[in-house]
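Following: one structure in structure tokens, then a few remarks.
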Amino acid sequence: MPTHSPSSLYFFSFIFLASTGGRFSSVLFPSLSQSLSDPLMLSAFFIAPNLTSAIITPVIVQFYSSSSPAAKPFHFFFHISVSFLCFGAAFLPDCSSIGTQILLRSIGAVGTSFIITITDSLTVKYTQIHAGSYGKHRLYGAVSWAISSIALGYLVDVTGNFEVFLPIAAFSGIFTGYLGHKLVSDIEASDVIDYQEVFDDANAALGPHGSINTDYDSNVTADVSQGSQTSNPLKALGVLASTPLDIAFVLSVLCLSLGTSLVESLSFAYFTSVLSAGSTLNGFTVAVTVMFEIPLFHYADTIMGKLGYTNAQVLAMLAYSTRVYCYTVVPKAWMVLLLEPLHGVTYALSKSASVEHVSRTADGDVGQSVMNTIRGNVGPIMGLILAGVVGEYFSQQTLYRSFGLGVGLVVVLYKCLLCLSGAGSGERESEAEAAKERRRKRHEIVDGNAHDVDSVELVERGSSSIDNAF
């Protein structure tokens, strides 16, 4: 059984994400301020890392999934190291040009994208072995994201430089690599041990009546452990969007991520240039956001069960549209703190809904990678291109209003489609919960419950002789 929880991995990985730029990326290097004052150049500064991640991350995740169990744990250390080295190199005088900065950010982004994708996938697997909840583990990332943002913002205001990020990034990176290594090792070992015990216990129960046909053992094990996984990103995308309603959901994720790219990448630049906010206030905006993410992640399973993940996505989009539009009407910088709870609603509900959709359709590392690529790369690329074009010809206020109203229009259309189709009533949710429960029971065998209903089902698939034995 896995002995290391994903909670601690999320905690340290989000410290690493915050301390290697995070929301501060748009103001991280004062030497680039003149270059990044151009909206198109600022957008390109973020587009290149997203584009690189969108192309490369699914490939390396596919490679990771096909790696041997012994090799998988070392992927965490490798990608954390690459990300940190790229971030550290960006502070060197010889790497101060805008082109070099974009190159380093693009390489580092692949590593961080891999870490988040695999952490999400491992957490889903962990909750299938234990009767846990994805959100209750993910909330620890929200907590560390808030703490880090406040601390980093304050340190920048006090010291006047961003080099204070480096020791924090190194410290958190070491722990992220170690905890990721341990969690992967535990889950890989658990997959092997769980199903081996199924057949060992079943053969012992058969006694003189015979034994399981071992020719089927590997097939049964692979089928149970992989579920609906696929190692091909294009096939995984086809599974994620296999019905009209699934396509609509994926498009809603794409649209929302297009909109949130404005907040995730450029909001601190907006707060600083338009509202004259300082780094400490910028850090506190993240803390206020997280105050509402924590309870929503904690009760994510309950929310998904009551509302359905499609309706949760609708609420996430409404919260985004309201918040971004209101950014343009607040007269004082501190007033954005009153709006930041809505970002917590947007992020927690949309992230939980996306993970839930993947776990019900294309469960696995590659499925999570494809969804994270849509959420974290494809949508932001489109959003940042649009932001650069609109920002070139119109004011920042017009840019934010157009994004808020655009997402608001899409969510109205999406909700109308759900109502017309009768979706979101909870039928698919109930069916998926039953499937999730069956998967969880299969893993309970390692606790000594070798003869529950699911165990018998597995054994029957291995050999028809079990019918006579029981």
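Each position is counted from 1, following the chain as shown.
Each Cβ is built from the backbone N, Cα and C atoms, and glycine gets one as well.
Unlike curated entries, TrEMBL annotations are predicted automatically.
Now, the feature entries from TrEMBL:
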DOMAIN    54-401  domain 'Major facilitator superfamily associated'
REGION    429-448  region 'Disordered'
TRANSMEM  9-29  transmembrane segment
TRANSMEM  41-64  transmembrane segment
TRANSMEM  76-92  transmembrane segment
TRANSMEM  98-118  transmembrane segment
TRANSMEM  139-156  transmembrane segment
TRANSMEM  162-180  transmembrane segment
TRANSMEM  236-262  transmembrane segment
TRANSMEM  268-292  transmembrane segment
Interface check, the transmembrane segment (98-118) with the transmembrane segment (139-156), three or more C-beta pairs under 8 A: no
Distant-in-sequence neighbours of the transmembrane segment (162-180), which means Cβ under 8 A and at least six residues beyond its ends: 4, 8-9, 12-13, 15-16, 19-21, 24, 28-29, 73, 76-77, 80-81, 83-84, 87-88, 91, 115, 118-119, 122, 148, 151-152, 155-156
Integer mean pLDDT for the domain 'Major facilitator superfamily associated' (54-401): 81
Cβ-Cβ under 8 Å with the transmembrane segment (76-92): same-chain residues at least 6 beyond its ends: 16, 20-21, 29, 60, 100-101, 104-105, 107-112, 114-115, 118, 162-163, 165-166, 169-170, 173, 176-177, 180-181, 184
Residues from the same chain, set at least six apart from the ends of the transmembrane segment (268-292), whose C-beta lies under 8 A from its own: 23-24, 26-27, 36, 42, 142-143, 145-147, 149-154, 156-157, 327, 330, 332-334, 336-337, 340-345, 347-348, 396-397, 400
Surrounding residues of the transmembrane segment (41-64) on its own chain - C-beta under 8 Å, 6+ positions past either end: 25-26, 32, 35, 72, 75, 79, 98, 101-103, 105-110, 113-114, 117-118, 231-233, 261, 265-266, 269, 365-366, 368-370, 372-373, 376-378, 380-381, 384-385, 387-388, 391
Residues of the parent chain within Cβ reach of the transmembrane segment (139-156), under 8 Å, 6 or more residues beyond its termini: 7-8, 10-15, 17-19, 22-24, 162, 164-165, 168, 278-284, 286-287, 289-291, 293-294, 297-298, 344, 348
